[in-house]
Amino acid sequence: MIAELGHFSLCLAFALALAQTVLPLWGAARGHSRLIAAAAPLAVGQLLATAAAFAALLAAFAVNDTSVINVVQNSHSAKPMLYKLAGAWGNHEGSMLLWVLILALCGGAVAGFGRDLPGLLRARVLAVLGLVALGFLAFVLATSNPFGRVWPPAADGQGLNPVLQDPGLAFHPPLLYLGYVGYAVTFAFAVAALLEGRVDAAWGRWVRPWALAAWCFLTLGIALGSWWAYYELGWGGWWFWDPVENASLLPWLAGSALLHSAIVVEKREALKVWSVLLALLAFGFSLLGTFLVRSGVLNSVHAFANDPERGVFILFLLLFYVGGSFFLFALRAPSMAPTGMFAPLSREGGLVLNNLLLCAMAAVVLTGTLWPMFADLLFQQKISVGPPFFNSALLPLAAPLIAAMAAGPMLAWKRAKLWPVLQRLWWTALAAFSAFAITLAYAGWRIGPALGFAAALWLIGGALADIVERIALFRRPAAAWSRARGLPRAAWGAAVAHAGLGVSILGMAGMGLATDRLAAVTPGQSIAHAGYEWRLDRVEDVIGPNWTARRATVTVLRNNAVVTVLTPERRFFPVGRMNTTEAAIRTSVGGDLYAVLGEEQNGQAVLRVHDNPLAPWIWLGAAIMALGGALSLSDRRVRVAAPAPRAAAGVKV
Amino acid sequence: MSLSRKQRRMWLVVLAGLGLGTATALTLTAFQDNLVFFLAPSDIATKNPGPDRAFRLGGLVEAGSLQRRQTSDGRPEALFRVTDGPVTVPVSYVGVLPDLFREGQGVVTLGKLGADGQFRASEVLARHDETYMPPEVADALKRSGHWDPSKGAAPPAASWNTLTPGQPAAPERSGG
């Protein structure tokens, strides 16, 4: 019964989305104010209906209702409750339902928070969001119904893929989707602006908080996924340039560019057409990511089903939304006159450089991700593009981006002088150069990590120098505190986010110096690695809620003093008849000690031990970046979204 | 200096062209050195990429071929043979074999082919469940005549290794 109610709610949401698309657009075209006003309540209605459907799915998983196919295929009564619920979105149908739920949430948020928006713009934004929801609700209802029944009911479910039974992965999809789908809002703003044929400073001011929020969630989602891969897959790496990872990096790159170009639109009314294009691109990449992951063209943990019908449907949606919006862009963009003059060397110029480099990086990642697919289709060539390609192609683009990143925020608008900025940065440059030299001297000829440490110090120091300058810490120390409090949160946010990237790069550079050692040892024997003694004490059987395991106890000693005890496991899940490797990690400020248990033979166990310097800072840095974004979001000027008086006069409907 | 609208547009076009050009150039150079080809054992005779170039070798782990030993410095080494029927390649791998590595099942390895004909793998991928066949491996088996798609779906992965070329369903073991 609950499943049928869920299915019914989903159909209701589809009908409401249809109304949400058609009525406001019709009203906007004909000037019917009541139809325009219907947009917001319809969006809220669609949100309620979708939420009811999602709640029904959660309920079916919570009570392990084995007459629902989706539950039978992806759940099991012996699973802990968290993974029963997480299992609801740990499969194709459920994750698509989560996708439309988050899209409906975005619509509800625009309806709720967007009261200051001009009525016509809000109606059009909501209509575009309704149109996106329409396509994906149709996809769920037609090809991926999560509420299908099976008769007779199965005795019990078949279990969830054991690698997915993990708290990190329970929250990874919702965060990632909040990011992906958040760009639907900026997309809707861009399409609405194209429909109106007008982009101005106020538009930039409304778009920026949405771009920021989506970017924060996407940053957290990507970081959580990377962290999960690091501790769960047990390979010791944190980024594999897997197509699925790339699919989430693409909207992040385009979204980061949008975030920065929207500032120029807001402050200087320049780069308007370009920002609209970026908003279309960011959501296009989100859809591409959804297509790559959900269509089954990729084989990975993420490809739940290999159903060509679904792939074709999503491909069609992708072509419709991306093609349609680009067509509209081609029609309308030429009529938007560029305004706002600036010299090449200025804050605007710096942001243009940022955009250019981020887009070039996105282009490289896109090519590397899609080329194997095309080569297979066109030339029947089986090739793969691995980390060496991405590293060597992206480094020359990332280096100037990072070099400019510390100086950019110090440049003046319109026209800037480089010399005063360099004067403020000379000690940062000195620190970065020493880091480079020290790494080379200490770790040997390792250009990558040395550049990484230099970049990290350059970014963190640059952010500090920016704040020091803005609050005049050294010039007028007495007034610094009050100036710091008066400094807009957006400025703090930018500095924190830039420093956060520096912290992430610090971790990456540290991981560049990571070492590992593999050995077969009998209990009582030790491995010497990275200045530690890793002693295998014993290997024993343990029993968990829905698995059994072999667990090794490894004592790590330094100078005969115990540092930590690690217990890596090899788990066996009888329900799915699968083995997983559970790495044991001891995290500290200086880095991770990481141990993996391999096969056992003749009383010997294979151990792989890693020393990963500074590893945790990769993900902490991402959290700091998201914090910077949140700080910027909390800026009163952004939160209120009040148009500047001059701009307001121009956009009143 | 403040630029006129026309000049500014020109600048932007030049810059965008420069960015796009750089990205293309970087991509092409990196492609040249870093594309990793997939080869089945039968392909190696005709397309041997030489001992310096890494490629991915895929096929079935020949049943009964897995041996374990230790390298001189005490690291565990796995020796096995990868076959697509007509040709078999010996593979050595120093490391922890993935959880789903099984004899008689599909495997994809990344590494270099030594002059002695031994493939030294730096990575072994067997990441899926036990009935899964990597698409490249399925394709390679099709090409080597082990599987005729017109005669229905692929036989279960576990039985691949017992097939002989030209006799698609013979239960006899082909060995190496």
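Keep in mind that glycine also has a Cβ here, set from the backbone N, Cα and C atoms.
Here's what TrEMBL has on this protein:
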- A:6-28: transmembrane segment (TRANSMEM)
- A:35-63: transmembrane segment (TRANSMEM)
- A:89-295: domain 'Cytochrome c assembly protein' (DOMAIN)
- A:125-143: transmembrane segment (TRANSMEM)
- A:175-195: transmembrane segment (TRANSMEM)
- A:207-229: transmembrane segment (TRANSMEM)
- A:249-266: transmembrane segment (TRANSMEM)
- A:273-292: transmembrane segment (TRANSMEM)
- A:312-331: transmembrane segment (TRANSMEM)
- A:315-636: domain 'Cytochrome c-type biogenesis protein CcmF C-terminal' (DOMAIN)
- A:352-374: transmembrane segment (TRANSMEM)
- A:394-413: transmembrane segment (TRANSMEM)
- A:425-445: transmembrane segment (TRANSMEM)
- A:451-469: transmembrane segment (TRANSMEM)
**Message:** Under 8 angstroms, Cβ to Cβ: which one of A:6-28, A:35-63, A:175-195, A:207-229 has the largest number of such pairs with the transmembrane segment (A:273-292)?
**Reply:** A:175-195
**Message:** Under 8 Å between C-beta atoms and at least six residues away from its ends: which parts of the chain pack against the transmembrane segment (A:35-63)?
**Reply:** 2-3, 5-7, 9-10, 12-13, 16-17, 19-20, 23-24, 26-28, 70-71, 75, 81, 84-85, 87-88, 94, 97-98, 100-101, 104-105, 107-108, 110-112, 119-120, 122-123, 126-127, 129-130, 133, 146-147
**Request:** State the residues, same chain only, that lie 6 or more residues beyond the ends of the transmembrane segment (A:175-195) and have a CB under 8 A from a CB inside it; answer 'none' if no residue qualifies.
**Result:** 28, 95, 98-99, 102-103, 106, 109-110, 121, 124-129, 132, 203, 206-207, 210-211, 213-222, 224-225, 248, 251-252, 255, 258, 275-276, 279-280, 282-283, 286, 289-290, 321, 325, 328-329, 331-333
**Fill in**
Sequence-distant contacts of the transmembrane segment (A:6-28), meaning Cβ under 8 Å and at least 6 residues beyond its ends, amount to 34-36, 38-39, 42-43, 45-46, 49-50, 52-57, 60, 97, 100, 104, 107, 120, 123-124, 126-131, 133-134, 137-138, 140-141, 145-147, 195
**Asked** On the 0 to 100 scale, where does the mean pLDDT of the domain 'Cytochrome c assembly protein' (A:89-295) fall?
**Response** 89
